[in-house]
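The compositional bias 'Polar residues' feature in TrEMBL is assigned to 305-318, 334-344. Feature annotation from TrEMBL assigns domain 'Ig-like' to 26-141, 159-245. The annotation region 'Disordered' is assigned in TrEMBL to 295-370. As annotated by TrEMBL, signal peptide applies to 1-29. For 250-274, the entry in TrEMBL reads transmembrane segment.
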Amino acid sequence: MISLPRPPATNLLRLLFLGLSTLASPSRAQLELHVPAGLSRLQAVEGAEVVLPVWYTLQGEVSSIQGSKVFLIWLFKQEGKEQIQVLSRFNGNTTSNSPRVSLLYPKPSWNVSLHLQGLQETDSGSYSCSVNVLDSQNTVRDSGVKTLELNVLVPPAPPSCRLLGVPRVGTNVTLSCQSPRSKPAAQYQWERPPPSPQVFFAPVLDATHGSLRLTNLSTSMSGVYICKAHNMVGSARCNVTLEVSTGPRAAVVAGAVVGILIGLGLLAGLVLLYQRWGKSLEEPANDIKEDAIAPRTLPWPKGSDTISKNGTLSSVTSAGALRPPSSRPGALTPTPSISSQALPSSRLPRTDGAHPKPTAPSPAGVSSSALSRMGAVPVMVPAQSQAGSLV
C-alpha cells in the first residue's frame, strides 16, 4: 500500500504544535515581578507611612521551583547621590539599615513589598526591588528588577507674620507672611475676620511671596489680619494686629524735640564763638604793651644854654641842639616833656633898673600858648647878676 504524501499545510501545523509544547513545559523556573498599575509613582506626607507594592511569580517545572532559592534586595537612590542598599533577605534572614524600613510580610512570601514608617523629606527618591532566583548550587538562574518613585510631601510650617512700615493715617504699609518650610512651595492668602470680614486678591496680594500692601491707611483699616499658608497636603496660619494712629508716635515726638534742642545748642555755640573771635581782633589794637620802651628824656646839651644879660635862663638857641632818639620798630614816639623844654621866663624886675628883654621863642618853634594847652606849668627861675651871684 502506497501512502500518499501529506499536504504542506498539515506539516506546518505539526511544527507549530511542537513549538508551543516546548514553550509550555520549560526545563527551569522563570521569574516575573509585578507592580500594580498606576502605583509606580507614589506620594506620601512627611511623618506618615507608605508601602511600595511588589510581588513575584515563578513559572516552570515543579521540581525546579521547589529546589530554587530567592535572594531579595531593596536599593535606594537620591538624585546626585550613589545608590545604597536599604534591605536584603536570603534564606529567611532579613537585614535592614534602618528601623523605619521593613518588609510588609516578614516571613518568606511571594509578596516582597517594602514598608516605610515615619517618613522624612530625605526619603524621596527611587526604590528598586531586585529578586534573584538561585539553584541548589547558588547559581543565578533568573532575576528581575522593578523600580518605584517616592515623593515625600511636606505641609507648610507655621509662618511668621510681620508689619513693615509706620501705620499712620495716609501712609502705606506692607504685611509680610513667610513659611520657613514647605514642599511643594506654599501659597499665601490674607484675610480679615469678622466683624469686618475681607479677603484680599492681586494686585495688593502677592500669593507667591506672601505680602499684602495696604495704601492710604485710615483708622477703619485697624484690626487683625490673618495669613494662611497652604499647599496640597496641609496649611498653617499666623496673624498680625494693625493699629492706625492719627498722629506721630511718642518716639517721633521725642526725636523731634531732641533734634530741636541739639540744633539750638549748636546755634548758641556758634554765636559765642563769633563774639569771642570779634573781641580777639579788637583787643590787640587797644592793649598797651607792658614791655614797650619808655620814651627817653631829651638832655640839655652843654654849651647850648645861654644866660641872658638880665640873669634869666633863656631857651635853647638852636633847634638842632635837641637830638631826638633813634626810632625803633614798635617803640612809641617820645613827646616833649615840661622838664625837657624851656619855659617862658616870667617878667621879673631887674635889680639894676634895666628893662627886660622880650622872651625868646620856645625851642622847635613851640609857642607858650601851645605849651599851656599841653599842660605846661611856668617855673620861676631866680635871677643872677652879671657876676653870677643870685640876687
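Just so you know, glycine gets a Cβ as well, placed from its N, Cα and C.
Nobody curates TrEMBL annotations by hand; they come from automatic prediction.
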*Count the residues of the domain 'Ig-like' (159-245) that DSSP assigns to helix (H, G, I), to strand (E, B) and to coil, and report the three numbers in that order.*
3 helix, 46 strand, 38 coil
*Looking only at the domain 'Ig-like' (26-141), what is the mean pLDDT?*
88
